Amino acid sequence: MSTTVATGAPKKRIPVRPARILLHVFLTGTALAWLAPLLWAVYAALRPYAETSEKGYVSWPDKLNLENFTNAYQQSGMTHYFVNTLLIAVPAVLLTLFLSSMVAFYVSRFDFRLNLFLLLVFTAGNLLPQQVIITPLYRLYLLIDLPGITVSGKLYDSALGLVLIHVAFQSGFCAFVLSNYMRSLPHELTEAALVDGSSVWRLYWQIVLPLCKPAMAALATLLSIWIYNDFFWAIVLISTGENMPITSALNNLSGQYFTDPNLVAAGALLTAIPTLIVYFLLQRQFVSGLTLGANKG
Amino acid sequence: MNPMSTTDTSTQSPEAAAVPSPGSARARSARKAGQGHRRLLTRRDRLTLGLMAGLPTILHVALVWVTALASIALAFTTWDGIGFDAIKWVGLHNFTELFTNNPQFWPAVEHNVIWFVALILVPTPLGLFLAVQLDKKIRFSRAYQTAFFLPVVVSFAVIGFVWQLVYNPDTGLINSLIGANEPGRYIDWIGDPDLNLWAVLIAASWRHTGYMMILYLAGLKSVDPSLREASALDGANEWQTFRNVIFPTLRPTNTIVLVVTIIEALRAFDLVFVFNKGAEGTELLSILVTNNIIGESSRIGYGSAIAVVLLVISLVVIIPYLVATFRKERRA
């Protein structure tokens, strides 16, 4: 351990001490090691298969191009799967925020006896491993006939089914975070509005919700990434490969179209790109969302 | 409410600071206000409120809790899934079968336990260590954080594929570097049942470290700086300050970290599924449950029995945690 004690000398330009330099060397080294697997994937994806099969993967490159990316994208028809994800994730995120904010509003603004219990039910449900409920859920989805509503005629193998389970599962976490947030808003605010005769709905929609924007933004970012990254629900609840969202489709695609490691690397990285973009653009929201209700795996 | 969310919400909403009454006084006034609210409600308002709370609750309870209870019920039956008449009560048969006759069950339990122990022993302290270093008002802190946190953002499926490129016996990074990628000298990181769990755990730890780092960074931000100053004035060195002053105040964060890690260990699925579908060496409870649904034989009662084991372990963790959390909230 270094000997840099954090003394209370604010704003003084701290002379660069050897310990600090050592710390930077350590952190840079570790950070590079952390990025190594991803960089290795990028490197493999940038090299033509012919070259790597001849020279081996650990070798100096002759040619670097994006061909693997375009091939992986076109051969597997990735656009289709990205659209599938979009059709699942956008409604799921909006619906989760809408429903959980209503529950949170009720729980935080109206002190009925049920509140704590309700919140407990939602939060505990969200902490359960998905596999605990999957067997009956799978059977339930097969049992529910929805002729004409979903393509499969059932809740099983449909985007609707995935949206519903995402909403049901994630709303627990969001209700918990949002109710904590709403509780920090002054009570006088809603009381005054009620005295003025505004309806409960107006109270929720025009007064409380707009004040929750920061928390909603953080949760929206977090939910988008989680739902985009979901693998398990779609693997079990979707049977037709064509209906899979991108993250789960990756598993089938890698067997069918991504025939060599270079294409696998390119395909996997393409799948990661949207999450990375969201993360880099909305890093603050993502991290604050994660620590806001840090009880989530 | 967990303390981290308390600090975060209060820094995020300026309105919160406007509430002058602290602690129990505030709770009391809130209760009063709640009653006041109720008296002002019209019939239509009550209906609106009922729907607002009711609809989401019905959806959540139907899909999460009813199914969880159904798992418990089905665990005592045998059913082929065709028609409700075919459901037969078999008592504890599924469980005795599971505990005594399934060669995959105890290895799966063991692997779930190893998963938790490995995560709590290696990436968690490492995440804490990195968080402490990055909390020192160091330059480029942001860049370092981004590097460590990147694996948390990427899906487990992608992580699985990326690490396969590292572990592949023929073309992978490790074997290529150590010259084990020729026939006869292969090290099969993914296929060898003695190695594959550890190979997967390295990938899992790679992600977990960043997650823990972020949680601890948030925890450290809420440590009162004057504590550090006082400790420094007392002549404590950095390690002593951390051990005797900082770490004890991180208790709430440690609780969250413990719960998150246990839940992660129980939920672990995607990574193993992508690696080798939970073949020999990497069996997990989650994988066994899933295999009984989408595997070749659909044994609903049996799969549910495994799910019940998973449920019981989870509730042992979840219930005390939530009770403690909500009790604290009531007091606050």
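Don't overthink the numbers, they just go from 1 along the chain as shown.
Each Cβ is built from the backbone N, Cα and C atoms, and glycine gets one as well.
The domain 'ABC transmembrane type-1' annotation in TrEMBL covers A:82-282. As annotated by TrEMBL, transmembrane segment applies to A:21-46, A:81-107, A:114-138, A:158-182, A:203-228, A:263-282.
Touching of the transmembrane segment (A:263-282) and the transmembrane segment (A:114-138) is ruled out by the presence of fewer than three CB pairs under 8 A, sequence neighbours closer than 6 excluded. Taking Cβ pairs closer than 8 Å, the transmembrane segment (A:158-182) reaches residues 84, 87-88, 91-92, 95-97, 99-101, 103-105, 107-109, 119, 122-127, 130, 137, 141, 146, 149-152, 208, 212, 215-216, 219, 223, 226-227, 230, 233-234, 237-238, 243, 245, 289, 292-293, 295-296 in its own chain, all 6 or more past its ends. Through the fold, the transmembrane segment (A:114-138) approaches residues 100, 103, 106-107, 156, 165, 169-173, 175-176, 179, 232-233, 236-237, 295-297 of its own chain, all at least 6 residues removed from its boundaries and within a Cβ separation under 8 Å.
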